Amino acid sequence: MRVAKVIVDVSTSQTNHTFDYLIPESWENIVQKGMRVSVPFGPRKVMGFVLEVSDHSEFDKLKPLDEVMDLTPVLTEELLQIGKWISEQTVSFYIQTFQAMLPQILKAKYKKEIEVLTDVEIAEELQQLFAGRAVMDFEEFVERNGNYSLLLKEVKNGHVQINYIVKSKETNKTKVFIAPNKEPYLLEEALEDTSNRAKKQKRILEYFLEQTTPIEQKQLITELSTTTATINQLVERNLLKKIEKKVYRDPFQDTDFERSKSLPLSGQQQTAIKPIWQAIEEKQDEVFLLHGVTGSGKTEVYLQAIERVLDKGMEAIVLVPEIALTPQMVQRFKSRFGSQVAVLHSALSAGEKFDEWTKIHKKEVNVVVGARSAIFAPFENIGIIIIDEEHETSYKQDEQPRYHAREVAKKRGNYHHCPVVLGSATPMLESYARAKKGVYHLLEMPDRMNEGEMPPVEIVDMRDELYAGNRTMFSRNLLEAIKTRIEKKEQIVLFLNRRGYSTFVMCRECGDVMKCPACDIALTYHKSSHQLKCHYCDYQIAMVKECQACNSKTIRYFGTGTQKVEEALREHIPEAKVIRMDVDTTRRKGSHKKLLEKFGNKEANILLGTQMIAKGLDFENVTLVGVLAVDAMLHLPDFRSSEKTFQLLTQVSGRAGRHKLPGEVIIQTYTPEHYSIQLASQYHYQQFFHQEMQTRRGFRYPPYYFLTLINVSHPNQLKAQEVTKTICKLLFKHLSDEATILGPTPSPIVRINNRYRYQCMVKYKDEPNQREIIRKIQEHYYDDIHRNDLTIQVDFEPYSLM
DNA sequence: AGCACGCCGACT
DNA sequence: GTCGGCGTGCTC
């Protein structure tokens, strides 16, 4: 007897363990751990992952597996182990983690259908729906308002049965090819038999007399200017045949990659790469922190480390933050390693992601470049893992399982005995502290390539501008600088951390601010659509003409978003051509790439954008970077706001003067004296590190302490508060005296989508029982969560405190 | 999750 | 007395 231990696709604590199923004899040699199966679960069928295959079970009445969904395992032994570990670390359900490790498309799709079993008359009403068919989709039954209780009666009678079907969403893209189906002489005969009126058919037959190799239908149609109808007639006459071929969707098919070779390494690059090479050779699972200023040539170090790995016949994973995964970065990897590279990031369609994943799974590639989830690439012989821009927040998943790619990377490095390289110009405080302690191996690259200097940074105090009577959003210096660059035909990058037009809309008469009815937040005005939008839920209304509270017409826009800046630029510098890049202009697939290409081709002078333009961009003609306002970010209720500001300013500054032309940076702010801004402007990472560490120590924040954030939400404010209070009490009771428990506190945004949000924060050094306690708390609230619309989110080492 | 089982109020 | 309401608990 062979038994499969299966985690089923039902996401609750009650089913968060394996269920045993009998493997039918005929499949005994087929079913392996890591495969997806379809199993009967109660009255229905669900998808599940085989975690183990064994020869006995504690249960006596086992049901057999229903179906095996994969030919080869989709999760390796290693990934199964890591999946269990992540689930435990993040207090998630196993199924959630395994799902997160695979491309979306491999998730199961569920379908119900109704089947008539007997020739016996079934109820008239049902017969009409079936209209003579034996099977019908349950969906159709619902759509056509079928009588459900009547159906159940017939099910009880045994006349009708409900089938549960588990399908994979997986689809392979196919292309249709046309090929001759007869010997040439037979085609020639057919040609003569064809009526002279059927000119197009004759033309096609003639083509295949000369050309016997299959041709893609699309191409045939354009070449002979014909239609599918004509081809189909020939196919029907059995003269031609259609062949369906599976093809990979190639997201980069229109892009040419010029092959590049290794560049000679500078002195500091050599010093940095040697220990990495050594770790590769000696199969050491060492973690390196590569601290290199922007433009110091980190990417070349990555590339040559990977070359060494590939020479040894091993594989490499490279993680890049979501937004920095610009075509530029992909370009560099593709041009160095060609078709050995698979790319996985959010701009790909689900189908494209699946195809890229398949290449990895089939070992057709040995390098993966991708965002967070690419850390789960199913390689089995990894020689190096690289995480670029290590401090980026996108490496932490913001839904369950809330894992951090860096921690998974270290775990995988352990397993494969290979180095992990964390690269950044502004490492996270936690990482740099670990490097200083010797937990990570610190590699420093303090100089820019080719003796380039970091561009000088000028800080403009916007309060002075106001005193001087300048009420625009551009300081005189910035405006002047923009104008000179445009004259010199150089390019400009302008950064603003806020999309939309204005941050809030207020009535001047009564001071009423337009707020979202479902969230505790002001609405943002979007000028292009002339709407007020909530950035936290999908609420949007047409812009109001008069104040809702006092009916006055004196409504004013406050705060500045990218749309407003774009408009102001047109007004102040009519000759400027501006490209705006934010979530609103890059929502469509491929638009991100298109906008950047346009800017690269110098079709615009100014690139204006939010966060997404801060990283990875490298345009040689950019000589001025302007930061319009950093103050909003600096004053967020987040202990990392100083660090985030420092990182952002450093990253943005790095966009200027990366090549021959000298660069310049102008930062506008209302708090020029702040140490984040001061030190960023002088590129003093070390000094910033020391100063910020002191603050963190004082407030008992990371890296001195670990944090756990528990977020509770409920439609009723009192309920949310009360539950949070109880959770705080329970934690206080069960955690050690060393832990600090803060709360219950209202979240920075108390209400989102009509749900009230409260939180509890734990600061601790070592609490081995913490996860177990939290699991128990969640189980204690099982009923409230399932039937009473309560949610309890737990985030270990959170990035966002909102 | 989704469904069956089972225990209390309004009906032919 | 029965139908059906929803609270409770199980699914290998």
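The backbone N, Cα and C atoms fix where each Cβ goes, and this holds for glycine too.
Note that TrEMBL annotation is computational and uncurated.
Given the structure is predicted, the values throughout are model-derived calculations rather than measurements.
TrEMBL has this to say about the protein:
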- A:279-445: domain 'Helicase ATP-binding' (DOMAIN)
- A:C507, A:C510, A:C547, A:C550: Zn(2+) 1 binding site (BINDING)
- A:C516, A:C519, A:C534, A:C537: Zn(2+) 2 binding site (BINDING)
- A:542-696: domain 'Helicase C-terminal' (DOMAIN)
Self-check item: Cα-Cα distance linking A:C537 (Zn(2+) 2 binding site) and A:C550 (Zn(2+) 1 binding site), given in Å to the nearest integer
Solution: 26
Practice problem: Taking the recorded Zn(2+) 2 site as A:C516, A:C519, A:C534, A:C537, identify the other residues of that chain whose CB atom sits within 8 Å of the mean position of the site's CB atoms, giving them in sequence order. | Solution: A:P517, A:A518, A:I521, A:L523, A:H535, A:Y536, A:Y539, A:I752, A:N753
Quiz item: Taking the Cβ of A:C537 (Zn(2+) 2 binding site) as centre, how many other Cβ atoms lie within 10 Å?
Solution: 16
Quiz prompt | Fewest-neighbour residue among binding-site residues, criterion Cβ within 10 Å, set A:C507, A:C519, A:C534, A:C547, A:C550 | solution = A:C550
Quiz item: Given the binding-site residues A:C510, A:C516, and counting only Cβ atoms in the protein chains shown, which has the most within 10 Å of its Cβ?
Solution: A:C516
Exercise. For A:C507 (Zn(2+) 1 binding site) and A:C516 (Zn(2+) 2 binding site), determine the Cα separation and express it in whole Å.
Key: 15
Quiz item: For A:C519 (Zn(2+) 2 binding site) and A:C547 (Zn(2+) 1 binding site), what Cα-Cα distance in Å is obtained after rounding to a whole number?
Solution: 19
Exercise. Fill in the CA-CA distance, A:C516 (Zn(2+) 2 binding site) to A:C547 (Zn(2+) 1 binding site), as an integer in Å.
Key: 14
Quiz item: Whose Cβ lies within 8 Å of the mean position of the Cβ atoms of A:C507, A:C510, A:C547, A:C550, the Zn(2+) 1 site, other than those residues?
Solution: A:R508, A:E509, A:G511, A:D512, A:E546, A:Q548, A:A549, A:N551, A:S552, A:T554, A:I555
Exercise. Measuring Cα to Cα, tell me the gap between A:C537 (Zn(2+) 2 binding site) and A:C547 (Zn(2+) 1 binding site) in whole angstrom.
Key: 22
Exercise. Fill in the CA-CA distance, A:C510 (Zn(2+) 1 binding site) to A:C534 (Zn(2+) 2 binding site), as an integer in Å.
Key: 22
Quiz item: At the Cα level, what's the spacing in Å between A:C534 (Zn(2+) 2 binding site) and A:C547 (Zn(2+) 1 binding site), rounded?
Solution: 18
Practice problem: Report the mean pLDDT of the predicted model across the domain 'Helicase C-terminal' (A:542-696), rounded to a whole number. | Solution: 88
